[in-house]
Amino acid sequence: MDSDDDMHDMDSVDYDYYSGGTYDDNDSDETDFGFGEADTDDAAIIASYRSKSNYVVLKEEDIRRHQNDDVGRVSAVLSITDVEASTLLLHYHWSVSKVNDEWFADEERVRRTVGILEGPVVTTPDGREFTCGICFDSYTLEEIVSVSCGHPFCATCWTGYISTTINDGPGCLMLKCPDPSCPAAIGRDMIDKLASKEDKEKYYRYFLRSYVEVNREMKWCPAPGCEHAIDFAGGTESYDVSCLCSHSFCWNCTEEAHRPVDCDTVGKWILKNSAESENMNWILANSKPCPKCKRPIEKNHGCMHMTCTPPCKFEFCWLCLNAWTEHGERTGGFYACNRYEAAKQEGLYDEAERRREMAKNSLERYTHYYERWASNQVSRQKAMGDLQKMQSEKLGKLSDIQCTPESQLKFIAEAWLQIIECRRVLKWTYAYGYYLQDHAKKPFFEYLQGEAESGLERLHKCVEKDIEVFELAEGPSEEFNHFRTKLTGLTSITKTFFENLVKALENGLADVDSQAASSKPANSKPSSKTKGGGKGKGSSKNGGSSRNPDGN
């Protein structure tokens, strides 16, 4: 455990984690908390709280509007129908500039490649009856349907063909004429005309999703059931985004938001949490293989006399793994094994014991970090539930009791949102700590982590416990304004501290390196004098560090 002196030294490291945040009980109550006046919806509040200029959350109607705008632009510039423009954009992955460049470079080649034909490729036979190219039945002209190529098929076969391809998946967006040798594209007009209502919904679902899935700057929100997309502009170091559904995730890897940990570390941590490797570590640390059948056996009683499970039933000594029949008073009796102790002194069991001890230590270390990682996740989920309960049940009552409009109580929601965000950050600091290889940085990291936990607990207590006296009051209290100032102050300080903590961890705790580097001249002074046998001109110049605690 770190001494008090160590803690003081770490606290003196030249990094202002509290810069920008002040707490004063006498601060003015006229504070703008950054929320709208009327919108109390959870999603809107979270979106407002986490909104950043480097991304935009798109609803389905927004995506559809973007699609229609692109289709209209291509249609106007190339003087083609909207259906043909849609077909071109699908082929060129919704790139308007690519469509224009390719079209004006070689229109004929583009038409041939995409399947937008200028005229029929087959001659319509004279007569009142036509033969369907799929079922080969005869139909009148009114019952025959064809696209730009002119191949005749009956409406029933067309419907079946379209339905089959739509139910096969997104490939239906590149649908071609049923004739195997024909490249003619089938556009949205045929879907509207011949597909069933259910098939139309599926087709346009694929059509909508194609706009996002081919765009490198857009991704769907990975939350189950969410139908929003994120348009990410970049330009910042953070990939964390928040959807209107309140789900926060990393735009780069689509895992949950995980600052200050990088995506590679998150991938390793998640894999470790779900992999069988930890089960094997537990088995290795807490069991030994049966000397006869080699199955792992856990020792669950105090006696060293072990009996393997049927059908093996081999009896052996837990310490030396030899047959129990060889044990008696000469080997130490039932609860000790002189043979094992002697062999251990000779080094015969050192390797196996060392492996088992290493596995046990590794498991204990992993368990330490995982339990705290998971605990903060549970606390975060509970805080989200408490926020929802506060907004749906308690806020109105508190407004009535304190005679304060709900629009002036948004500071409470802001505090809860800060707690939710801090729990997320604190949770991932444990994954950061697990993979932190530089042992010199560990004490400072754990100090910062401890300070973060302490500050967060103060904020959590204030918004969860201290508010109860005002919720249970019979009328307005003069102390409520003091509570408002206290809570907003704690929220601001906690936010600033966690923001600086994230930056410090993302920079690899560079301040520890800089502190070590700046202390090297002072530390090297004694050795310089020893080597030189006295104060030379150079040693005198280098020895006058202001960081020397003796002041020499």
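Any Cβ shown, glycine's included, is placed from N, Cα and C.
For 128-341, the entry in Swiss-Prot reads region 'TRIAD supradomain', with the evidence type sequence analysis. The annotation Zn(2+) 1 binding site is assigned in Swiss-Prot to Cys132, Cys135, Cys154, Cys157 on the grounds of sequence analysis. Swiss-Prot lists 132-182, 201-263, 290-320 with the feature zinc finger, giving sequence analysis as the kind of evidence. According to Swiss-Prot, the feature Zn(2+) 2 binding site maps to Cys149, His151, Cys177, Cys182. Taken from Swiss-Prot, the feature Zn(2+) 3 binding site applies to Cys221, Cys226, Cys243, Cys245. According to Swiss-Prot, the feature active site maps to Cys303. Annotated Zn(2+) 6 binding site per Swiss-Prot: Cys317, Cys320, His327, Cys337, in sequence order, evidence recorded as sequence analysis. The region 'Disordered' annotation in Swiss-Prot covers 513-552. Under the heading compositional bias 'Low complexity', Swiss-Prot lists 514-530.
Positions of Swiss-Prot features highlighted on the structure.
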| residue | record | Cβ within 10 Å |
| --- | --- | --- |
| His151 | Zn(2+) 2 binding site | 21 |
| Cys157 | Zn(2+) 1 binding site | 19 |
| Cys177 | Zn(2+) 2 binding site | 23 |
| Cys221 | Zn(2+) 3 binding site | 22 |
| Cys226 | Zn(2+) 3 binding site | 14 |
| Cys243 | Zn(2+) 3 binding site | 23 |
| Cys303 | active site | 9 |
| Cys317 | Zn(2+) 6 binding site | 21 |
| Cys320 | Zn(2+) 6 binding site | 23 |
| His327 | Zn(2+) 6 binding site | 23 |
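Separating the Cα atoms of Cys154 (Zn(2+) 1 binding site) and Cys320 (Zn(2+) 6 binding site) is a whole-number distance of 84 Å. Excluding the listed site residues Cys132, Cys135, Cys154, Cys157, the same chain places Gly133, Ile134, Phe136, Asp137, Tyr139, Phe153, Ala155, Thr156, Trp158 with Cβ atoms within 8 Å of the centre of the Zn(2+) 1 site Cβ atoms.
A sphere of 10 angstroms centred on the C-beta of Cys149 (Zn(2+) 2 binding site) encloses 20 other C-beta atoms.
Sorting the zinc finger (201-263) by DSSP state (H, G, I as helix; E, B as strand; all else coil) yields 14 helix, 14 strand, 35 coil. When the Cα atoms are compared, Cys157 (Zn(2+) 1 binding site) and Cys177 (Zn(2+) 2 binding site) turn out to be 12 Å apart. The Cα atom of His151 (Zn(2+) 2 binding site) lies nearest to that of Cys221, taking the binding-site residues Cys221, Cys320, His327 as the candidates. Considering only the binding-site residues Cys177, Cys182, Cys221, the residue whose Cα is spatially closest to the Cα of the residue listed as 'active site' is Cys221. Between the alpha carbons (Cα) of Cys226 (Zn(2+) 3 binding site) and His327 (Zn(2+) 6 binding site) lies a span of roughly 66 Å.
Assigned with DSSP, the residues of the zinc finger (290-320) fall into helix, strand and coil as follows: 0 helix, 9 strand, 22 coil. The binding-site residues shown are Cys132, Cys245, Cys320, His327; of these, the one with its CA atom nearest the CA of Cys149 (Zn(2+) 2 binding site) is Cys132.
Note on the region 'TRIAD supradomain' (128-341): its mean pLDDT in the predicted model is 84.
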